[in-house]
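K.L.:
Got a structure for you, written out below as structure tokens; questions coming shortly.
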Amino acid sequence: MAHNKIPPRWLNCPRRGQPVAGRFLPLKTMLGPRYDSQVAEENRFHPSMLSNYLKSLKVKMGLLVDLTNTSRFYDRNDIEKEGIKYIKLQCKGHGECPTTENTETFIRLCERFNERNPPELIGVHCTHGFNRTGFLICAFLVEKMDWSIEAAVATFAQARPPGIYKGDYLKELFRRYGDIEEAPPPPLLPDWCFEDDEDEDEDEDGKKESEPGSSASFGKRRKERLKLGAIFLEGVTVKGVTQVTTQPKLGEVQQKCHQFCGWEGSGFPGAQPVSMDKQNIKLLDLKPYKVSWKADGTRYMMLIDGTNEVFMIDRDNSVFHVSNLEFPFRKDLRMHLSNTLLDGEMIIDRVNGQAVPRYLIYDIIKFNSQPVGDCDFNVRLQCIEREIISPRHEKMKTGLIDKTQEPFSVRNKPFFDICTSRKLLEGNFAKEVSHEMDGLIFQPTGKYKPGRCDDILKWKPPSLNSVDFRLKITRMGGEGLLPQNVGLLYVGGYERPFAQIKVTKELKQYDNKIIECKFENNSWVFMRQRTDKSFPNAYNTAMAVCNSISNPVTKEMLFEFIDRCTAASQGQKRKHHLDPDTELMPPPPPKRPRPLT
């Protein structure tokens, strides 16, 4: 780690918890003014801020125990000049729980301090104030205050949510002070744990921190969250699809997807579109694009890695194994594809009143280890048809693939010239699609890019533009006012509430859940729970959607722009209302788009 760099995941980690057992205050490390150039004012945590917080509580802290392995984060003199004794107790923390010697030293110095200064708090911090900090505080509660380990862990989690989140720390506590078989599973990781895109998970001394529940043999891998009980497809039972929760297979699949995409961050590596607005719509005139309908489906990447080794990866980076789904090699139908990564979405078609799950493939990143993701998008579409779809159909003709035994069907999703956009939305095509569609996707013809892609544009009718929030229902009131429930809406990477929503009887069940909301009549309105997502939209994404809501590209504007782009490509002069120095022009008469082929 660079000597002047802020610790990974520190920025939006909460500064402090609540006092534990009236004796301890858990907090993250403070950063001195030397780091201000890297930290926005609202995210700073100077030593002086700790002093101001203690004064607001009208409590005195007499001792601060620093568990980190460095002295670079802040000047201890800034602590000591406030009358707080400072002690450095180095704990490794990189995949290692505090040793017995660390624990004995911590308990001894805290006990001695409490005997001499019983009313004063002891502050404890590691880098983030959760695992090493929680471990040692819990050990003290058990050894010196006769608490059960269950009560100690639960109390710390209430004071510093979500508590100790490393499974090996919890197991070690229960091994020392209880029954290791009764150790609880680690809680869901908080959003701030997934915010850095560095490829190395370094802590304060530059060492790599191991991942919970994973093998160190995977090398330079980011910490990946495990969501137990993930649902594959909401509202439909799909036989033959089971979640992968055990190592090493889980980590191997996640790592392979990351490597194939060239993704150095954590979490889902797939390309993510942005909302179309009056600025980025101009990209349609600057580079070649294809268009397809936007299905209201569930995003999945598919890793094909040999016979009975087909896996689906969702936006939470959860992994599912798919049985009885075969992808033969075109040149030899007896062989099975491997080292192949697809991108697409699961949709539910309604056929004769029955729900039929299908996987629509709309991109390919690797084909039998070949980096086809670097090819032109048109080439990739041909690859999907020729190498993925056609060989399956050929083998079905021989009777060697029984489609009725497959958990879901597989199809390729076609893309068209952008001049067909009107027909996709308004023609018979829209009526013939047997699943929900809520807009259009405009795909540039360049190579595949993982993560947020500012040139992949999604257009939705203004009435359907939405944001995925985390809902937190809070009881609020004021002087002369009756307390009432308020729905606070949070987005990723932003500590304060982004917006509010009226709390109804229906909404109460979604407290602390991810909900999709639209903006209607000057207020946010609940649409549905997003069971396929564990995190809200990022702040920048939410702001982009809000911009498209307040300043939307209407269907008429979109059609006009595309018509004029088409005219320009045919050598005709064009001028449209989104160009600078032009006035709003009425929509041109409808043109008959080229047939969809």
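A Cβ is built for glycine as well, from the same backbone N, Cα and C atoms used for every other residue.
Here Swiss-Prot flags Cys126 as active site, phosphocysteine intermediate. Taken from Swiss-Prot, the feature active site, N6-GMP-lysine intermediate covers Lys294, and the record attributes it to experimental evidence. Feature annotation from Swiss-Prot assigns GTP binding site to Arg299, Arg315, Asp343, Gly344, Glu345, Lys458, Trp459, Lys460, Arg528, Gln529, Arg530, Thr531, Asp532, Lys533. As annotated by Swiss-Prot, compositional bias 'Acidic residues' applies to 193-204. Summarising the annotation, Swiss-Prot assigns region 'TPase' to 1-212. The region 'Disordered' feature in Swiss-Prot is assigned to 181-220, 570-597. Look at Swiss-Prot and you will find 229-597 tagged as region 'GTase'. What Swiss-Prot lists as region 'Interaction with POLR2A' is 330-386.
Each of these features: where is it, how hidden is it, and who are its neighbours?
P.N.:
When secondary structure is read from DSSP and collapsed to three states, Cys126 (active site, phosphocysteine intermediate) falls in the coil class.
Counting only residues at least six positions away in the same chain, the Cβ atoms of Met437, Asp438, Gly439, Leu440, Ile441, Lys458, Trp459, Lys460 sit under 8 Å from the Cβ of Lys294 (active site, N6-GMP-lysine intermediate).
Under the three-state DSSP scheme, Asp532 (GTP binding site) falls in the coil class.
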K.L.:
Using Cα coordinates, what distance in whole Å links Asp343 (GTP binding site) and Cys126 (active site, phosphocysteine intermediate)?
P.N.:
40
K.L.:
Given the model, what does the mean pLDDT over the region 'GTase' (229-597) come out as?
P.N.:
88
K.L.:
Enter the number of other CB atoms within 10 angstroms of the CB of Arg299 (GTP binding site).
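P.N.:
Around Arg299 (GTP binding site), other Cβ atoms within 10 Å: 17.
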K.L.:
Can you tell me the CA-to-CA distance separating Arg528 (GTP binding site) and Cys126 (active site, phosphocysteine intermediate), as a whole number of Å?
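P.N.:
Here the two Cα atoms are 39 Å apart.
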K.L.:
Hey, what's the widest CA-to-CA gap across Arg299, Arg315, Asp343, Gly344, Glu345, Lys458, Trp459, Lys460, Arg528, Gln529, Arg530, Thr531, Asp532, Lys533, the GTP contacts in the record, in Å?
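P.N.:
Pairwise Cα check on Arg299, Arg315, Asp343, Gly344, Glu345, Lys458, Trp459, Lys460, Arg528, Gln529, Arg530, Thr531, Asp532, Lys533 gives a maximum of 25 Å.
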K.L.:
Give me the non-local Cβ neighbours of Arg530 (GTP binding site): same chain, 6+ apart in sequence, Cβ-Cβ under 8 Å, ordered along the sequence.
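P.N.:
Same-chain residues close to Arg530 (GTP binding site) (Cβ under 8 Å, separated by 6 or more) are Asp468, Lys513, Ile514, Ile515, Glu516.
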